[in-house]
Amino acid sequence: MAKIGLFFGSNTGKTRKVAKSIKKRFDDETMSDALNVNRVSAEDFAQYQFLILGTPTLGEGELPGLSSDCENESWEEFLPKIEGLDFSGKTVALFGLGDQVGYPENYLDALGELYSFFKDRGAKIVGSWSTDGYEFESSEAVVDGKFVGLALDLDNQSGKTDERVAAWLAQIAPEFGLSL
């Protein structure tokens, strides 16, 4: 079994694309395939000691799911399935996609929601990211002046995505016992 579980929720496929680009940097012994949370069980998810989780922020700051007009279930429906799990001793890194120009008042709020969910259940959250280079009004994903995970804006800053992903993975690798 792979050491790191890589899971995402997606509506348009952008978060899936980023998850797959993360996976390409690791072999199968190190990281699972990029797995959509609408296709896994709580047991699949819970078996990993290390997790990398991705989400877009939809509409007015929502997680993807049926109530935010997604065609398929996503994080909104998956989180209740794992809310009884204890994540103490697990290390979690988060990445989020959002549109800082179109939705500056709730940029990456869904990332903040994932952060709170896993932190409240004992997970060690790693991979905070600087807010430098972003222009937004507010975000639930900012704690102590930094994003709680990798912040990506494929709508307005797609040219920075590969560089940001590489730098973030280098930052979190030691937390997962890896070297890049």
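One-based numbering along the chain as shown.
Any Cβ shown, glycine's included, is placed from N, Cα and C.
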Residue among ASP155, ASP162 sharing the FMN site, where Swiss-Prot lists SER10, ASN11, THR12, GLY13, LYS14, THR15, THR57, GLY61, ASP99, ASN106, TYR107, LEU108 as binders: ASP155
DSSP three-state assignment for LYS14 (FMN binding site): helix
Residues that sit under 8 angstroms from THR57 (FMN binding site) by C-beta distance, when 6+ apart in the chain: LEU63, GLY96, LEU97, GLY98, TYR103, ASN106, TYR107, LEU108, ASP109, ALA110, LEU111
Annotated FMN contacts SER10, ASN11, THR12, GLY13, LYS14, THR15, THR57, GLY61, ASP99, ASN106, TYR107, LEU108, ASP155, maximal Cα-Cα distance (Å, integer): 21
Confidence summary for the domain 'Flavodoxin-like' (4-173), mean pLDDT rounded: 96
